[in-house]
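Undergrad: My questions will all concern the structure given below.
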Amino acid sequence: MCRRSRIGLLNNIHEGSMSSYNQKEPREELKSSLAIKCFFEKHYSLRVVLLLFVLMGTSMVIGDGVFTPTMSVLSAVSGLRIKFPELHENYTVLFACFVLVGLFALQHCGTHRVGFLFAPILLAWLGCIGGIGIYNIFKRNPSVIRALSPYYIYNFFRKAGQDGWSSLGGIVLCITGAEAMFADLGHFSKLSLRLGFTIVVYPCLILAYMGDAAYLSKHREDLESSFYKALPDRVFWPILVIATLATVVGSQAIISATFFIISQCRALGCFPRIKVIHTSSQVHGQIYIPEVNWVLMFLCLAVTVGFRDTEMIGNAYGLAVILVMFATTCLMFLVITTVWNRNVVLAALFTIGFGSIELMYLSACLAKVPHGGWLPLLLSLITLLAMSTWHYGTKKEYELQNKVCLDRFLSLSSGIGLVRVPGVGFVYSRAVNGVPPMFAHFVTNFPAFHRVLIFVSIQTLTVPKVSPDERFLVGRVGPPANQLFRCVVRYGYKEGRWDHFNFENQLLMKVVEFLEMQEEASEPADSGELSAIPASPRAQQLVDVDAAPTASCSSSSACEIDPGVVSRRVRFEEPWAGAGEEEEMKSSEVKTLLEERESGVSYTWF
């Protein structure tokens with residue numbers, strides 16, 4: 001929605017018409033779609049409400065990272081009290097805490113080392129619950145198969161009345177956990193998820209619940225621990241071990257999904273800047289966020305020790321999941337109408353059909369707010385406040401409202417006797433137009449900067465990846481005599497910034513290519529107008545002098561780069577060197593830029 005219209009507030013300046021935004025099969029835009037877009041574009045307050053609604057759903061998903069591991073692990077280890085009735089509740093809680101600490105302590109290792117065990121464990125778990133379900137159906141009550149008929153849904157609510165409605169708050173736990181599988185959609189294809197859920201997961205779950213119902217029809221006194229009591233003695237311990245391992249795998253899925261969604265929120269400017277570590281060099285989606293990991297672990301332990309009861313944790317878990325589902329359904333109405341350009345009637349039928357069912361579950365879960373359901377609301381509110389405050393403060397107030405206009409900066413520079421020193425200066429800032437306010441403050445107190453100045457802004461767009469031909473936007477700032485340039489570097493929210501040492505080298509070459517393009521053009525570009533610089537096969541290379549001792553270090557183009565702690569010497573290798581093409585550099589600006597680069601390069605972050 002942010003890409004194709006101004007409905008959202010996450011639009012980036014200078015996104016332009018990127019190829020990543022183009023649909024594979026463009027459809028003619030319907031009048032209803034245009035009407036909805038215009039309605040949101042005219043009312044800024046509605047766009048604010050929409051953003052808050054999306055952030056609320058995102059906060060609930062992050063809350064799932066607390067409740068899923070807690071509920072899963074505590075439910076699995078509670079089976080110990082079936083074999084040892086005299087075992088105190090504190091010991092099961094302590095064992096669950098040990099499992100949770102071990103789970104979060106191993107997150108920094110990544111899943112690529114033990115990921116090959118996940119599929120066998122889940123297949124074994126699903127096979128076990130499906131087999132136990134078939135066993136209970138035929139041994140306890142084969143007539144339970146009739147419960148597949150929709151007639152019994154009507155009959156249940158007709159007889160149970162208000163109690164039947166209240167039971168929906170517990171029934172919703174039967175579908176919790178499905179969101180963890182779809183949260184990893186970025187790691188698997190849509191077809192694999194559909195086939196896996198339809199052919200394996202769903203049939204096994206139905207058999208397991210039918211077997212549980214068959215057992216309860218004969219043993220109603222075992223309502224709280226029917227799963228483990230329905231197991232034959234010979235398979236109890238193997239099932240308990242597999243159940244514990246399966247909870248670890250399921251918890252790993254939702255923890256990884258929490259890391260990933262926080263990383264995407266951070267890339268879109270809706271989450272504070274935190275360190276993201278990529279644990280695998282082959283799979284980009286395997287990431288680890290230390291701060292989030294330890295906060296999740298602390299919250300999981302606090303919920304486990306504080307609640308102790310799976311019923312109260314289940315109330316909180318169910319409310320969080322059903323709120324995520326309802327928010328997703330509501331947003332799908334806008335996606336169907338404004339993104340897919342489908343008929344508004346079709347979108348309304350989808351929303352009403354699924355939304356009405358989810359509202360029934362939501363109403364029952366809201367009745368359990370005093371009994372543990374308040375916790376996901378509190379966590380969501382805290383996360384929502386943090387995300388919305390960060391987005392408003394960074395995107396609106398500081399950078400966009402406090403930027404310094406170019407004319408004021410130039411007049412300020414002339415009044416303080418500004419000195420231009422040899423070299424090239426990179427000034428990094430989030431501002432994509434005007435002069436960064438902190439740089440103007442810096443020049444006021446230290447009236448000197450380099451003869452060639454390049455303002456660099458790194459943007460993360462609302463697409464997974466950006467084509468190399470559309471990554472760099474370069475333009476002038478002011479008249480050519482000022483030697484001021486602006487470069488906007490665009491990344492997708494799933495992309496990383498890998499080669500830090502070669503990055504400035506690429507920026508310099510993009511400016512050179514921009515000047516060459518301006519020389520070839522009949523009319524120079526206006527000040528402030530940015531041009532996309534395509535990927536060039538003759539891009540300049542950065543040679544690591546320390547890693548290549550055979551290379552000569554006496555060249556005047558060698559420079560020192562200190563990435564924070566370790567100094568590293570590098571030299572720029574000219575793309576024209578050895579090719580006899582020196583005469584092609586006809587532009588005096590290109591020559592000036594290369595000469596200033598020989599004098600040195602500095603980097604400043606604001």
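Glycine is no exception: its Cβ is also placed from the backbone N, Cα and C atoms.
TrEMBL does not curate its annotations; it predicts them automatically.
Remember, it's a predicted structure, so these values are computed and weren't measured experimentally.
According to TrEMBL, the protein carries these features:
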DOMAIN    42-408  domain 'K+ potassium transporter integral membrane'
DOMAIN    422-496  domain 'K+ potassium transporter C-terminal'
TRANSMEM  48-71  transmembrane segment
TRANSMEM  91-109  transmembrane segment
TRANSMEM  116-138  transmembrane segment
TRANSMEM  164-183  transmembrane segment
TRANSMEM  195-216  transmembrane segment
TRANSMEM  236-262  transmembrane segment
TRANSMEM  283-305  transmembrane segment
TRANSMEM  317-337  transmembrane segment
TRANSMEM  344-362  transmembrane segment
TRANSMEM  374-393  transmembrane segment
Undergrad: Taking residues 6+ outside the transmembrane segment (374-393), which of them lie with a CB under 8 Å of any CB in it?
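TA: Residues 9, 51-52, 55-56, 58-60, 62-63, 66-67, 265, 269-272, 299, 303, 316-317, 319-320, 323.
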Undergrad: For the transmembrane segment (91-109), which stretch among 48-71, 116-138, 283-305, 344-362 has the most Cβ pairs under 8 A?
TA: 283-305
Undergrad: For the transmembrane segment (195-216), which recorded stretch in the set 48-71, 116-138, 236-262 gives the largest number of Cβ pairs separated by under 8 Å?
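TA: Looking only at 48-71, 116-138, 236-262, the most contacts with the transmembrane segment (195-216) come from 116-138.
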Undergrad: Among 116-138, 236-262, 283-305, 344-362, which stretch has the most Cβ pairs under 8 Å to the transmembrane segment (48-71)?
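TA: Answer, by Cβ pair count: 236-262.
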Undergrad: Using DSSP, break the domain 'K+ potassium transporter C-terminal' (422-496) down into helix, strand and coil residues and give each count.
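TA: Helix (H, G, I), strand (E, B), coil: 15 helix, 36 strand, 24 coil.
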